[in-house]
Amino acid sequence: MLSTLQSPRSLSRFPSRYTLCTLTAQSPTSTSPPPPPPHSQILSIRHSLLSRRLSAAQLAESYLTRLRLTEPHLKSFLHVSEDAVLQQAHRLDQMIASSEELGPLAGVLVAVKDNICTADMPSTGGSRVLEGYLPPFDATAVRKIKDLGGIVVGKTNLDEFGMGSTTEASAFQVTANPWDISRVPGGSSGGSAAAVSARQCVVSLGSDTGGSVRLPASFCGVVGLKPTYGRVSRYGLMAYASSLDVIGCFGSSVADTGILLHAISGHDRLDATSSNREVPDFASRFDSVDLLESKPLKGLRVGLIRETLDDGVDNGVISVIRGAASHLEELGCSVTEISLPSFSLGLPAYYILASSESSSNLSRYDGVRYGNQVAADELNSLYGDSRAKGFGPEVKRRILTGTYALSAGYYDAYYKRAQQVRTMIRKSFKAALDENDILISPAAPSAAYKIGEKKDDPLAMYAGDIMTVNVNLAGLPALVLPCGFVEGGAAGLPVGLQMIGAGFDEENLLKVGHIFEQTLENCRFVPPLIEHDDTP
């Protein structure tokens, strides 16, 4: 059992500035890492419960034990409901004893980002304006998880209302990266990514408006999936930018991420933007590595986006991504570099559109309709003081930016032009995906950086979203999975590969990602914080 933070280990297994996991078999040595865990913790848990090898209470207690030991260092959670977790686990054991049918997520501990409503836990959005708020309902995604037997372990930390890339903009605490607790976990879903990386839960929910699932997945060495806009109901997700927001998934494997996506997907009459398309059985694409052909991805056309490897991207990241492209070629893919000339326009367009929508969506937090109220002598002061005290600096900055972009005399110059750029980006992605089955790029221009390094430079922080925002503007699905390391911290820092697919083609992304992940050798994406943990 993990009892303390592990001391820093040697970087001897990182002989250069960067390390790419290889497909080539290596001769066993005394320093070889132990075999990776089963490709799906969710399926392993189900097997353990049905075989009576472990009880649900034992599994829940093992995760809670790890959470108690690591949480003081990471601060992934804003709220943990230990008693409720154990009560649900005991109830599940009674169902097993009575031979009752179990849901596909039975016994699986799920963390939920704190901007997703839960009826039995606080939901603050990471903001003081909603401190202590208890929603009267569950978000549709949360309800579906509970209906399938999943156990919500707690609510995870985030940048306030999802506005940030490091989780430093939370009103309550700063979350640390499990690979190096002096570094950021990414944002805005940093708590959800850190919790999965440190195995404080099995899987987690996040939200992605401009990269808030994919960036933390890359920084924390886990799998993150942003689904197509409309694949998952947004009912119960606190609105930031409604035309961009989606609920996404984190897991320690592609299989777990796909299983969670399947659980929460589907049409919802409570969300007019949710699609009524049939949800495929994503798990059917997760073949064992033993059953794969020598070229399991033969014929797959992959486009490597040239603009994502330009100046401003760390050399180590570029080398790891080019190595990942070579791995895809070894698996049978045809990889070609492609150009998306409108790619660089996405970042300014995104920040105009997202800020404009946020200035409208967050107007509801006025101390009367929603949000904590500050005592005042007259109405305008009540509004102003409640918002001034309740919102943090990053939220205020984006509200002001959005209000300016929407104001008379500036609407055409900013908001309208940004919408025109959005249309250009959609068309360029469609053209690229007509010629390629998937597109690939880095998920971020660098690995995780130090806490506080960019906190006082908003423009530098915004630039970190350059790889991800275009996907939201186009409404497409994207999968990020770890593919290698760059030097840093005690054991190297993970780098994520982003795979982008056509609309509603998550099934193909998950298939490709699963094969890529299963054929990696010489890499084990378990952070040093828990590497020697022997809990079940």
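Our numbering is plain: 1 for the first residue shown, then up by one each step along the chain.
Glycine too: its Cβ is placed from the backbone N, Cα and C atoms.
Straight from TrEMBL, the features:
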| type | residues | note |
| --- | --- | --- |
| DOMAIN | 59-510 | domain 'Amidase' |
| ACT_SITE | Lys113 | active site, charge relay system |
| ACT_SITE | Ser188 | active site, charge relay system |
| ACT_SITE | Ser212 | active site, acyl-ester intermediate |
### Query
Over the domain 'Amidase' (59-510), what does the predicted model average in pLDDT?
97
### Message
Counting only residues 6+ away in sequence within the same chain, which have a CB under 8 Å from the CB of Lys113 (active site, charge relay system)?
### Response
Lys155, Thr156, Leu158, Ser189, Gly191, Ser192, Ser204, Leu205, Gly206, Ser207
### Task
Tell me the Cβ contacts of Ser212 (active site, acyl-ester intermediate) under 8 Å, same chain only and six or more apart in sequence, or just say none.
Leu158, Asp159, Gly162, Ser165, Gly187, Ser188, Ser189, Gly206, Gly248
### Query
When you measure from the Cβ of Ser188 (active site, charge relay system), how many other Cβ atoms are you left with inside 10 Å?
34
